[in-house]
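Have a look at the structure below, then the notes.
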Amino acid sequence: MAEDPEEGMLSWDETVFRDEHVFEIDYVPEVFRHRESQLQTLQYALRPAVRGNRPLNAMVRGPPGTGKTTAVQKLFGELGAQTGVRTVRVNCQHDSTRYAVFSRIFEAIFDYEPPSSGISFKKLFNQVTDKLVEREEVLVVALDDVNYLFYENEASDTLYSLLRAHETHAGAKVGVILVSSDLDLNVIEELDGRVQSVFRPEEAYFPVYDRTEIASILGDRVKAGFRDGAVSTELLDRVSEFTADAGDLRVGIDLLRRAGLHAEMRASPVVEEEDVDAVSEEAKHLHLARRLDGLTENERALMEVVADHDGERAGDVYEVFSERTDLGYTRYTEIVNKLDQLDLIRAEYESLEGRGRSRVLSLEHDPGAVRERL
Ligand SMILES: Nc1ncnc2c1ncn2[C@@H]1O[C@H](COP(=O)(O)OP(=O)(O)OP(=O)(O)O)[C@@H](O)[C@H]1O
């Protein structure tokens with residue numbers, strides 16, 4: 001008897017997923033394992049807010065994909081349910097100036113954006129703080145990816161305004177949680193003395209998950225996201241190993257989703273090793289893609305120029321860059337430093353024959369992989 005070629009295949013409305021949303025970036029997992037001590041530290045810092053007092057400030061550090069944002073989202077979810085506490089999480093990769101941070105806070109408090117005609121920072125600040133005092137609300141602000149405020153030289157001013165709000169507005173109660181994934185950045189040391197003197201945070205460190213922890217977390221995700229039997233234990237082990245090598249849980253979650261989509265494309269009701277292999281290259285470059293995504297037009301332009309002039313002197317690269325953007329050398333150097341801090345490029349002094357010492361710019365990633373994602 002001839003085999004039915006369609007047997008075991010998926011029709012259009014069939015899927016390997018039970019709930020694909022489980023693999024999206026904005027999904028907050030129901031079960032949040034292996035972070036008990038970190039959550040405790042943060043709860044301790046925030047507890048005074050529930051009683052209507054100013055909370056302690058906190059500092060959350062750890063490599064990418066270790067659950068820092070999720071911890072804040074979980075706690076804010078609980079705190080936000082309490083009357084009298086206003087929580088705001090600002091993604092500093094997108095809002096990387098003091099003005100932008102306060103615009104987000106304004107929006108959270110008033111439920112609409114500040115006037116687009118633009119008002120002065122002072123007005124914005126006064127409206128926010130007046131409202132807090134009037135409503136007797138405690139404000140807790142999480143500056144997520146705060147490293148971006150440092151790259152833009154905005155960190156000290158932003159923190160100064162937040163931490164000293166009560167000096168200009170008696171009764172204002174503001175607490176701050178800083179979240180940084182740049183372990184090379186010494187946050188406290190980089191702040192101005194005037195901010196350091198008022199910023200003594202509780203610290204919570206988020207280390208990378210080991211392989212067993214990764215397997216248990218991804219196991220939860222598979223259960224919630226895939227249909228029964230679509231992902232075998234062996235396949236999950238393989239994905240966990242790959243994720244542990246990358247050190248970032250996000251890579252594993254992304255890999256599961258892509259592999260699921262790939263299985264569907266083959267019309268297979270089961271995700272197989274070949275699906276994982278086919279998509280692992282893309283998942284590996286997840287970090288790179290995320291970092292490139294957050295760059296401004298000029299920063300992208302410089303990435304393109306460095307990709308074309310990999311390993312050349314900073315002065316020579318500037319010649320090409322300035323033709324494309326009209327930016328001056330000072331701004332150029334600032335962008336070079338930011339891309340260097342983001343580990344997108346390396347800017348190192350080298351002795352060049354007959355030319356003394358000079359900075360040389362090279363890409364941290366494969367130029368082809370960079371160009372594809374710009
Ligand atoms: N313990 C955990 N249990 C379940 N899911 C987790 C856990 N930790 C992290 N995740 C998931 O891993 C992904 C990355 O987590 P998260 O965004 O919280 O990391 P992060 O440390 O803030 O990363 P980054 O520094 O890059 O912003 C998210 O999809 C999150 O849901």
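Numbers run from 1 along the shown chain.
Glycine too: its Cβ is placed from the backbone N, Cα and C atoms.
TrEMBL labels come from automatic prediction, so no person has curated them.
Per TrEMBL, the feature domain 'AAA+ ATPase' maps to 54-202. Look at TrEMBL and you will find THR66, GLY67, LYS68, THR69, THR70, TYR209, ARG221 tagged as ATP binding site. According to TrEMBL, the feature domain 'Cdc6 C-terminal' maps to 302-374.
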Restricting attention to the domain 'Cdc6 C-terminal' (302-374), give the mean pLDDT.
90
Give me the long-range Cβ neighbours of THR66 (ATP binding site): same chain, 6+ apart, Cβ under 8 Å, in sequence order.
SER181, PHE206, PRO207, VAL208, TYR209, ASP248, LEU249
Taking a cut-off of under 6 Å between Cβ and any atom of ligand 1, tell me which of the binding-site residues GLY67, LYS68, THR69, THR70, ARG221 pass.
GLY67, LYS68, THR69, THR70
Out of LYS68, ARG221, which of these binding-site residues shows the lowest number of other CB atoms within 10 Å of its CB?
ARG221
Per residue, counting other C-beta atoms within 10 angstroms of the C-beta, which of the binding-site residues GLY67, THR69, THR70, TYR209 reaches the highest number?
TYR209
Helix, strand or coil at THR70 (ATP binding site), per DSSP?
helix
